């Protein structure tokens, strides 16, 4: 500021072609301010002469050309956390996924920002079931997308699965079962502590529990119920994942091991010890067993000529892995869906492990479930259920999807 013959003169600073971050935050007190108080870029001489952005016949040309606003092939992490102040002018993407192979159909909220720990879509049903650590199971109407019922269990839900008309829910010290055809309800007692994993094989229901046991019930046709059959012992810590394949049961545990059980005899025939941290999920694909762990690896196992299960490939991630699922894409090619503890879900082609896309969430995704017609579902630690669909689903691929 200067004075000339007693008159106050303001020295105007040279304008700088940059947005004032104080103005963006609503705190700029300079008048005039040498920075721009607008998100809109002033047109250059080139753009005035040849059109917006310096495009000639639709192609970017010349020194005045500026790249499109979305210049970064990344999701805005501030938007994910509800903290981005740039709005539509943000150079990062404001969406929950990066892929041209699938899209998000809808997002459903209702679990009070608590972890969704299980998702089930019974065969032939128009209802989707989700269980959460908020102590409820929510029943969603697939036609309207609305919550049709809330079942209060009074205990954190550890897992949810379905088989035929039955929906099974693992909670503390028991398994709840609902028959969606006749609306009957059963309570299966016996577990000690939380039930973290459930699986079904033929007429058997199997439950992985907090004390390291795997409990077995057999269905009784005469009573339309289940009766205790066995308790498999061997793990020294909680059993957190179960899968059945080729008449064998595979169990993953917090003791860092995978046990392989012969279902005809209910005897353990192998103990796999290659993981160095909790085995969070196991999955059968073709003749292979896939397993993921907090040790940041996905291991692919296969039977050798000697009859032993050995690791034939190890895929490494930068973060620990939480859950695995698999399904065919729109062309019928197998895709692996895996969630990481950096709040993302990665999708890979099998067997190449070429990346097909990435899904983002506010918190860790703990539940993944596939459905018919190219649908799949993810449930995260914020209580958000997201519904996804593969693009250009072919009838041949849809017919091969397994629940």
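Cβ coordinates come from backbone N, Cα and C, glycine included.
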If I go by TrEMBL, the feature zinc finger sits on one of 42-69, 70-97. Which?
70-97
What range among 5-35, 36-66 does TrEMBL describe as region 'Disordered'?
36-66
Can you name the far-off residues of the same chain, 6+ from the ends of the repeat 'WD' (108-150), with a Cβ under 8 Å from a Cβ of it?
156-162, 164-167, 169-170, 180, 363-364, 366-369, 371-372, 377, 379-387, 403
Arithmetic mean of per-residue pLDDT over the zinc finger (14-40):
69
Helix, strand and coil counts within the repeat 'WD' (188-218) (DSSP):
0 helix, 25 strand, 6 coil
By DSSP assignment, list the helix, strand and coil residue numbers for the repeat 'WD' (108-150), in that order.
0 helix, 23 strand, 20 coil
